[in-house]
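**Q** Below is one structure. I have some questions about it.
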Amino acid sequence: MVGGGQLARMTHQAAVALGQTLRVLAASPDDPAAQVTPDVVIGSHTDADALARAAAGASALTFDHEHVPTDLLQALVDRGVNVAPPPHALVHAQDKLVMRRRLEALGAPIPRYVEVTAPTDVDAFAAQIDGPIVVKTARGGYDGRGVTLAKDLAEARAVTERYLADGTAVLLEERVDMRRELSALVARSPFGQGAAWPVVQTVQRDGICVEVIAPAPDLDPELGAEAEQLGLRLAGELGVVGVLAVELFETADGKLLVNELAMRPHNSGHWTMNGAVTSQFEQHLRAVLDYPLGATGLIAPVTVMANVLGAPQAPEMSMDERLHHLFARLPEASVHLYGKSERPGRKIGHVNVLGAASGSLEDADYVAEVRERATRAAHWLSHGEWTDGWDEHGR
Ligand SMILES: Nc1ncnc2c1ncn2[C@@H]1O[C@H](COP(=O)(O)OP(=O)(O)O)[C@@H](O)[C@H]1O
Ligand SMILES: [Mg+2]
């Protein structure tokens, strides 16, 4: 797996259960995945030599991020390396312009957008859509970097000009009036088998996914089925191998629009580690290795995943002590830590909490209670503070 981040770390965890060890190409021995697998190649994902060393003797080469240049991947394919997903599919997760054009050609629902080549294009697009604009870099963004929800036309113009001056490819999108964000997570194997998990709701703060509710509560069953079908169809049309996350907007008037695609395990699928029969990490490996795919059924009526983000000021209490207190109070919480140092806003782990088997997704109080426990647990781990004022020493 190219990339030594938390996705590779958790994929390695799944590989162990399949009797495998994951080799990772990591930038440094401190990377989350490099800490846990014995089979590490240290190098850059933009270095052809390092990629070749990582691929040597491996059954397949896959990714924990989408930043490997496609020409380097194509060179590996030409030399017989099994690159999964293949570069002709992966490019749709690398470049938002390529992705938009392809989805348009496939008739998938997308926001109105335009490629920008000159600052005056911003005014023309603004006049056309008559609403707020989102400016995006075509490549290289993640966790909201490279995305500007412009507050007015002047900001949209200024941001666009800055990117164009740097030679960065830019697109504009209409700012979607949405009810919420959803994610359709599917997997596809080279054999052509597809599997979909139930569609989930994602909650982002400052462009970062902070919470996932699985399945999405209060979702029109037809819309849910449409999202799953769309995910499976896109996986097939694009030739994806492995996990595909289709980030979606549910619009205020009850329709679906595709935001973007990721071809790897995804933050919106972390709940599957405890809340589904097969986790996204195992499924990714099964797909990449062309095993039959695993069942995607639910373990509980609802599972909530809350990300642990580094606090503005790291707590004085050690993570070890925070864990002791968390487990004393919420023994049912499943914690997954990434082995990263704490920095403000950095994803350092996540917590999964499953709702009681007797509950129902239709019961808003039940869902709210599971969300409260998961977010309380994650906030405690990041801030060393209980959101409900609990005193962990009983004083
Ligand atoms: N067209 C849009 N309308 C409204 N919000 C958007 C739009 N595009 C992106 N966003 C918001 O910005 C977030 C990040 O955008 P995205 O394109 O997914 O970038 P990233 O690659 O950083 O994940 C989205 O999850 C959503 O909250
Ligand atoms: Mg996104």
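From the backbone N, Cα and C atoms, a Cβ is placed for every residue, glycine too.
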**Q** With Lys96, Glu173, Glu174, Arg175, Val176, Glu181, Asn259, Glu260 listed by TrEMBL as binding ATP, identify the candidate in Lys136, Lys151 belonging to that site.
**A** Lys136
**Q** What binding-site residues in Lys96, Glu173, Arg175, Glu181, Glu260 place CB under 6 Å from ligand 2?
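**A** By the Cβ criterion, which requires under 6 Å to ligand 2, the hits are Glu260.
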**Q** Using Cβ-Cβ distances, find the residues under 8 Å from Glu173 (ATP binding site) that belong to the same chain and are at least 6 apart in sequence, listing them in sequence order.
**A** Pro111, Arg112, Tyr113, Ile133, Val134, Lys136
**Q** Considering every residue in the domain 'ATP-grasp' (100-289), what is the mean pLDDT value?
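**A** Averaging the confidence scores along the domain 'ATP-grasp' (100-289) gives 96.
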**Q** Find the longest CA to CA distance in the recorded ATP-binding set Lys96, Lys136, Glu173, Glu174, Arg175, Val176, Glu181, Asn259, Glu260; express it in Å as a whole number.
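**A** In whole numbers, the farthest two Cα atoms are 18 Å apart.
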